[in-house]
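Enquirer: As annotated in TrEMBL:
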| type | residues | note |
| --- | --- | --- |
| BINDING | Gly77, Thr78, Lys79, Trp80, Ala81, Asn82, Val83, Ala84, Phe85, Glu86, Val87, Arg88, Pro89, Glu90 | NAD(+) binding site |
| BINDING | Arg97, Arg107, Arg135, Asp226 | substrate binding site |
| BINDING | Asp226, Asp250, Asp254 | Mg(2+) binding site |
| DOMAIN | 5-361 | domain 'Isopropylmalate dehydrogenase-like' |
| SITE | Tyr142 | site 'Important for catalysis' |
| SITE | Lys193 | site 'Important for catalysis' |
Amino acid sequence: MATHKLLLLPGDGIGPEVMAEVKKVVGWLDSHGFASFSIEEDLVGGAAYDEYGVPITDEAMARAFNADAILLGAVGGTKWANVAFEVRPEAGLLRLRKDLQLFANLRPAMCYPALADASSLKRDLVEGLDVLIVRELTGGVYFGEPKTITDIADGQKRAVDTQVYESYEIERIARVAFELARTRSNRVVSTEKHNVMKTGVLWKQVVSEVHGSEYGDVALEHQLADSCGMQLVRNPKQFDVIVTDNLFGDILSDVAAMLTGSLGMLPSASLGGVEEISGRRRALYEPVHGAAPDIAGKGIANPIAMIGSLAMALRYSFGLGEAADKLEAAISGVLADGYRTADIYSDGMKKIGTSEMGDAILAELGKAA
Ligand code: NAI
Ligand code: MG
């Protein structure tokens, strides 16, 4: 059995608390013959700053380059509010994303049936929902030049942001979306605004070309981004994979995520290119939530977003789709049994802490084994 190299970067605040639960699950999968892992651990964020004066060391970066997948908890906190901008905790995460060139951000919106009534939409609209938003993460209007505010006549100012996409950036994100669709329900909706934006015209054209030449087996539909937003809240189950640019993806992924869950439930992945020699795709997995300083150290954080991020790593980096399904089924089972951390608690349910939630998921895995 192949041994998967996993780098754990717990980080700050609740990061180490939720990572502790991931370690339990990794240990369980290893000892039950589902996979073999070799694990390294390092500091990132404020924890690294306190120890080394930088939010991530070159040694940790070297480990990141050498790992098959990275799992990151969260970075940040008020303790580091006054450290220099270049070495603030967030800069550690930004360096990882930049140096590893993680250009594809994956944000799933899944509905665990036991939580369907907590959605802002009716149960039948979200029950069984499983959408994956693939957002371009390193280009577009957040990075395009010129990016300026200038004084013009009569005390008026002009602000400029520039949306830039080159065809290679669209090609590679389209490929990621089509590849992922093949492991799911084989449908991709590509979304842009070709009616008013040149980048939208190019986006639509390049996605169509990649589709025509390499992925004819995948169903492709184009939707304007505003219309896609409407459809996401009107009938979200029509979607499988949605691929879009940095700006629209930022908004649509938050909308989709909130159809189904609270912050403590939401995993994510950021993928980079495929390395020529190893054939492995660079990948960082992390919960959507931050370091949650308001609840850190209390043992009440919800570990499901972090454990769900491990499930994504199993599926997308290690080819262990079955183990990922099993883990998600165990989470679903625990929720169906009424176990809830404080953030998703409702009347009549059984309130438990971080570590108990991890244990409950292990017990559920054990039942199905
Ligand atoms: P946050 O996500 O840390 O917390 C927002 C709210 O959600 C808080 O009330 C928190 O208690 C709750 N929450 C978050 N995760 C939870 C979980 N697993 N279980 C239960 N409740 C949970 O966002 P906030 O407060 O804006 O940022 C706090 C710190 O985290 C800041 O320093 C910020 O820069 C950093 N941050 C880091 C991110 C990352 O590492 N990717 C992302 C977002 C924020
Ligand atoms: Mg956002």
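FYI, residue positions are counted from 1 along the chain as it appears here.
Any Cβ shown, glycine's included, is placed from N, Cα and C.
Keep in mind it's a predicted model, so treat the numbers as computed, not measured.
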Enquirer: Show, in sequence order, which residues other than Asp226, Asp250, Asp254 on the same chain lie with their Cβ within 8 Å of the centre of the Cβ atoms of the Mg(2+) site.
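Expert: Going along the sequence, the neighbours come out as Ala225, Gly229, Leu247, Phe248, Gly249, Ile251, Leu252, Ser253, Val255.
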Enquirer: In the structure shown, which of the binding-site residues Gly77, Pro89 has the fewest other Cβ atoms within 10 Å?
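Expert: Each of the binding-site residues Gly77, Pro89 was scored by Cβ atoms within 10 Å; lowest is Gly77.
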Enquirer: Select one residue from Phe85, Tyr142: among these recorded positions, choose the one with the most other Cβ atoms within 10 Å of its Cβ.
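Expert: Of the recorded positions Phe85, Tyr142, the highest Cβ count within 10 Å belongs to Tyr142.
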Enquirer: Among Lys79, Val83, Pro89, Asp226, Asp254, the binding-site residues in the record, which have a C-beta under 6 A from ligand 2?
Expert: Asp254
Enquirer: Through the lens of DSSP with three states only, how would you label Val83 (NAD(+) binding site)?
Expert: coil
Enquirer: Please give me the CB contact count at 10 A for Asp250 (Mg(2+) binding site), counting all chains in the structure.
Expert: 19
Enquirer: Go through Lys79, Arg97, Arg107, Arg135, our binding-site residues, and report the one whose Cβ sees the most other Cβ atoms within 10 Å.
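Expert: Comparing the binding-site residues Lys79, Arg97, Arg107, Arg135, the most crowded Cβ belongs to Arg135.
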